[in-house]
Amino acid sequence: MCTGKCARFVGLSLIPLSLVCIVANALLLVPNGQTTWTKDHLSLQVWLMAGFVGGGLMVLCPGISAVRAGGKGCCGAGCCGNRCRMLRSVFCSAIGLLGAIYCLSVSGTGLRIGPQCLMNGSWDYHFQDTAGSYLLNRTQWNLCVEPPDVVLWNVTLFSLLVAASCLEILLCGVQLVNASIGVLCGDCRKKQGSSQ
């Protein structure tokens with residue numbers, strides 16, 4: 001597969017993954033679909049907006065850049081061919097890689113610590129000292145009185161963010177290597193309308 005086609009494939013994969021991260025982070029802001037607890041009782045990991053900023057916007061830009069690097073257009077002609085777009089894609093992929101790593105680390109921490117919830121009359125991170133063992137003991141999930149089903153909500157959405165950011169790390173890494181090869185060697189696709 002040539003560098004242009006690979007870039008296009010990676011970009012078309014990164015764009016929906018970044019949108020999934022943005023939506024998952026938006027849903028984390030409204031536990032159980034309600035805004036009642038949004039002001040004072042969301043965990044720090046939700047407020048860090050790792051899905052929106054890291055896995056979302058910081059990966060959306062390299063996704064779009066990779067699609068453009070894999071396309072044919074006015075920048076693909078001339079003395080440098082498609083190398084200018086590939087160079088831009090190298091830098092964007094590095095930024096996307098950092099964003100996906102940020103999303104993975106914050107989401108993983110959110111899974112390990114658990115949500116802030118009302119249990120035994122106090123709002124706290126009641127699962128913080130379990131080192132993530134609460135994830136396997138679903139009977140503990142019902143101990144959180146408010147917000148209702150917050151543990152299931154957080155586990156589902158943070159797990160989705162972890163999975164999406166792992167894929168984003170892989171794809172941004174592939175595009176980083178692919179675009180570097182594209183800068184050094186050029187695109188292997190034959191030019192349309194050449195006289196050879």
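For all residues, glycine too, the Cβ spot is worked out from N, Cα and C.
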Annotation match for N-linked glycosylation site in Swiss-Prot, from Asn120, Asn178: Asn120
Same-side membrane placement of Val67 and Ser133 in Swiss-Prot: no
Same-chain residues near the transmembrane segment (46-66), Cβ under 8 Å, at least 6 residues beyond its ends: 7-8, 10-15, 17-19, 21-22, 24-26, 28-29, 85, 88-89, 92-93, 95-96, 98-107, 110, 161, 164-165, 168, 172, 175, 179
Check: same-chain CB within 8 A of L-arginine site center, minus Trp123, Asp124, Tyr125, His126, Phe127, Gln128: Ile113, Gly114, Pro115, Gln116, Cys117, Met119
Tertiary contacts of the transmembrane segment (10-30), as residues 6+ beyond its ends and Cβ separation under 8 Å: 38, 42, 46, 49-52, 54-57, 59-60, 62-70, 96, 103, 153-154, 157-158, 160-161, 164-165, 167-168, 171-172, 174-175, 178
Integer Å distance between the CA atoms belonging to Phe127 (L-arginine binding site) and Asn137 (N-linked glycosylation site): 11
